[in-house]
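Asks: Quick one: the structure is below, and I'll ask about it shortly.
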Amino acid sequence: MSGSGQKTVLVTGCSSGIGLKIAVQLAKDPQRQYQVIATMRDLGKKGPLEEAAGVCLGSTLTVAQLDICSDESVARCLSAVLQGRVDVVVNNAGLGQIGPIESLTIDDMRKVFETNFFGTVRVIKALLPDMKRRRCGHIVVISSVMGLQGVVFNDVYAASKFAIEGFCESLAVQLLKFNIFVSMVEPGPVNTEFEAKLMEEVSRSDFPGTDAETQSYFKDTYLPASREIFATIGQSPETVAKVTADIISMERPDFRRQTNPFYTPLTALKYADKTGNLSVRTFYNLLFRHGMLFHLSLGFLKCLTCSCFRGRISPT
Ligand SMILES: NC(=O)c1ccc[n+]([C@@H]2O[C@H](COP(=O)([O-])OP(=O)(O)OC[C@H]3O[C@@H](n4cnc5c(N)ncnc54)[C@H](OP(=O)(O)O)[C@@H]3O)[C@@H](O)[C@H]2O)c1
């Protein structure tokens, strides 16, 4: 803890989306429990964070440069931040990737792992010696429901999130010996720039090496379904930030927390059937065979999540 009894929280990837909201949510904590180091790889993008932080800027929130893919950047940032003394780290920085794997090069795929897996591991590895010495710390990772259940055409992204889940699940056991907690926050779709960046990348690709049938499944079936899912059950980054702040405030933090109750049944399918067929076939049927059922289910969810409906069923 810092001298004032506040916890120092370092958040990665705060230029936009979930990271920005988590940093601001913690910095605005009414009890001023946190001193937030909000980091980003390109300080030229700090405007929206500084604006959202308002009076907290320079008080409970400071901005620092950190590229999780660079050893040098991580070392420089940590030596500047209270000699590397961090009580809570929120590993949020991440990249998405969608598309038929035939159209992606191995280098494209490596970039996703360099960020989502090795970048996160790099930050954790740099912080561990001090946390172990002090016998306290909390490592939070913004994972994804795709770290638990793969999704068609998100093959490499899901693999990178599975990888970090396996890494953290293993590490968490050892770290309890040092009174260090690990928590995986697993959002479903969240309406940030993440989806827009993916769509932009896809719009620039002509899918080299991909047959026409696969391209058609991706463009005419997957993409419209994905847009519909984001529009229907997509959460706000503020909601994910609140869940993350809640976990950080726990004395003995949970290891795993999904943020979206509407997505939970889909991740539960694989545990309900040990052959694994139920989840694979359910996803297949919903996407390729019963498009109408998929559409109707989302329509039903849209009604449930609509504020006027919620208002009618909530007790006054
Ligand atoms: N949005 C979703 O549907 C969703 C769902 C589940 C999980 N997640 C996870 O949530 C996290 C945040 O995503 P988001 O939705 O908030 O997307 P976002 O708005 O695109 O934010 C991603 C952040 O990561 C940063 N970043 C990327 N590479 C970096 C690097 N090498 N070093 C430091 N920062 C880097 C980006 O910085 P630049 O601005 O410099 O690129 C940006 O600040 C990711 O880990 C993502 O996998 C998102």
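Even glycines carry a Cβ here, placed using N, Cα and C.
TrEMBL feature annotations, pasted as is:
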type: DOMAIN; residues: 7-193; note: domain 'Ketoreductase'
type: BINDING; residues: 13-41, D67, K161; note: NADP(+) binding site
type: BINDING; residues: S144; note: substrate binding site
type: ACT_SITE; residues: Y157; note: active site, proton acceptor
Asks: Could you check which of the recorded positions G13, K21, Q25, I37, Y157 have their CB within less than 6 A of ligand 1?
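Replies: Cβ < 6 Å from ligand 1, in sequence order: G13.
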Asks: If you measure G13 (NADP(+) binding site) to the residue listed as 'active site, proton acceptor' at Cα, how many Å is it?
Replies: 17
Asks: Rounded to an integer, what is the Cα-Cα distance in Å between S144 (substrate binding site) and Y157 (active site, proton acceptor)?
Replies: 10
Asks: Can you tell me which of the binding-site residues G17, K21, Q33 is spatially closest to Y157 (active site, proton acceptor)? Compare CA atoms only.
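Replies: If we rank G17, K21, Q33 by Cα distance to Y157 (active site, proton acceptor), first place goes to G17.
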Asks: Fewest other CB within 10 angstroms, which one of the binding-site residues Q25, Q33, S144?
Replies: Q33
Asks: Count, for each of the binding-site residues K21, R41, the other C-beta atoms lying within 10 angstroms of its own C-beta, and report the residue with the smallest count.
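Replies: Result for the binding-site residues K21, R41: minimum number of other Cβ atoms within 10 Å at R41.
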Asks: Relative to the Cβ position of G17 (NADP(+) binding site), how many further Cβ atoms are located within 10 Å?
Replies: 21
Asks: Quick one: give me the count of other CB atoms within 10 A of the CB of I37 (NADP(+) binding site).
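Replies: So the Cβ neighbour count for I37 (NADP(+) binding site) comes to 24.
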Asks: When DSSP states are folded down to helix, strand and coil, where does I37 (NADP(+) binding site) land?
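Replies: Note: I37 (NADP(+) binding site) is in a strand by DSSP.
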Asks: Across all chains shown, how many C-beta atoms besides its own are within 10 angstroms of the C-beta of D29 (NADP(+) binding site)?
Replies: 18
Asks: Y157 (active site, proton acceptor) has how many other Cβ neighbours within 10 Å of its own Cβ?
Replies: 24
